[in-house]
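Below you'll find the structure, written out as structure tokens, and then a few comments.
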Amino acid sequence: MAMFYAHALGGYDENLHAFPGISSTVANDVRKYSVVSVYNNKYDIVKDKYMWCYSQVNKRYIGALLPMFECNEYLQIGDPIHDQEGNQISIITYRHKNYYALSGIGYESLDLCLEGVGIHHHVLETGNAVYGKVQHDYSTIKEKAKEMNALSPGPIIDYHVWIGDCICQVTAVDVHGKEIMRMRFKKGAVLPIPNLVKVKLGENDTENLSSTISAAPSR
């Protein structure tokens, strides 16, 4: 029987498969599902739109673009998600408004050791370009890149994840803000909104919500 443990409830286990928000005894490819169910209610997977989700546990970053489904009901972290045959395939983890992520083997992913480095998340505003740790209109960013190109590169100290309606990017910068690395994912996505999926705790439970994030536009 497949077992799933929510990172937000302290369920990270380095001996199990790890995906954003969960550790599990199985590695489910969640890209293959078009319909899922929660407590016998069926929900369609959203087409061509994804949610960038991540956990930060034991100085490890586990992030990925995940499928999501629309649901107007209130779902708890840890609620089971099943396929159409009744097999459990995941649990509730992250939410953005009325959309819930389906965690497992997703699309583009990022697994990092955070020893000595930071990672930051940003909403990429429509029409903006990115250089390193800043976003702005294209002409401003072009000038910024020219300015920074004169500097010698140093060790990476921070990663920046940029989530936009049409494209997602990951950049890495040194101490001067010089861009050292960039990845582009040609998919539109959203970031989870923290604390909208509430956790009911017993009096002897401890709360571990290290997987929640604060996503705000940055300039």
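Cβ coordinates come from backbone N, Cα and C, glycine included.
For HIS17, the entry in Swiss-Prot reads active site, proton donor. Annotation source Swiss-Prot lists active site, shared with catalytic histidine of dimeric partner at TYR138, citing experimental evidence. If you look up Swiss-Prot, you'll see LYS142 marked as active site, proton acceptor. Among the features that Swiss-Prot reports, site 'Substrate binding' is placed at ARG60, ILE105, ASN149, GLN169, ARG182, ARG184, LYS186, with the record citing experimental evidence.
It is 17 Å from the Cα atom of ARG184 (site 'Substrate binding') to that of the residue listed as 'active site, proton acceptor'. Of all the active-site residues listed here (HIS17, TYR138, LYS142), TYR138 has the Cα closest to the Cα of LYS186 (site 'Substrate binding'). DSSP assigns TYR138 (active site, shared with catalytic histidine of dimeric partner) to a helix. Distance from the CA of ASN149 (site 'Substrate binding') to the CA of LYS142 (active site, proton acceptor) is 11 Å. The Cβ of HIS17 (active site, proton donor) has 15 other Cβ atoms within 10 Å, all protein chains considered. Spacing of ASN149 (site 'Substrate binding') relative to TYR138 (active site, shared with catalytic histidine of dimeric partner) is 16 Å (Cα to Cα, whole number). LYS186 (site 'Substrate binding') falls within neither a helix nor a strand when secondary structure is assigned with DSSP, and so counts as coil. When the recorded sites ARG182, ARG184, LYS186 are compared by the number of other CB atoms within 10 angstroms of each CB, LYS186 has the fewest. Within 10 Å of its Cβ, the residue among the recorded sites ASN149, GLN169 with the fewest other Cβ atoms is ASN149.
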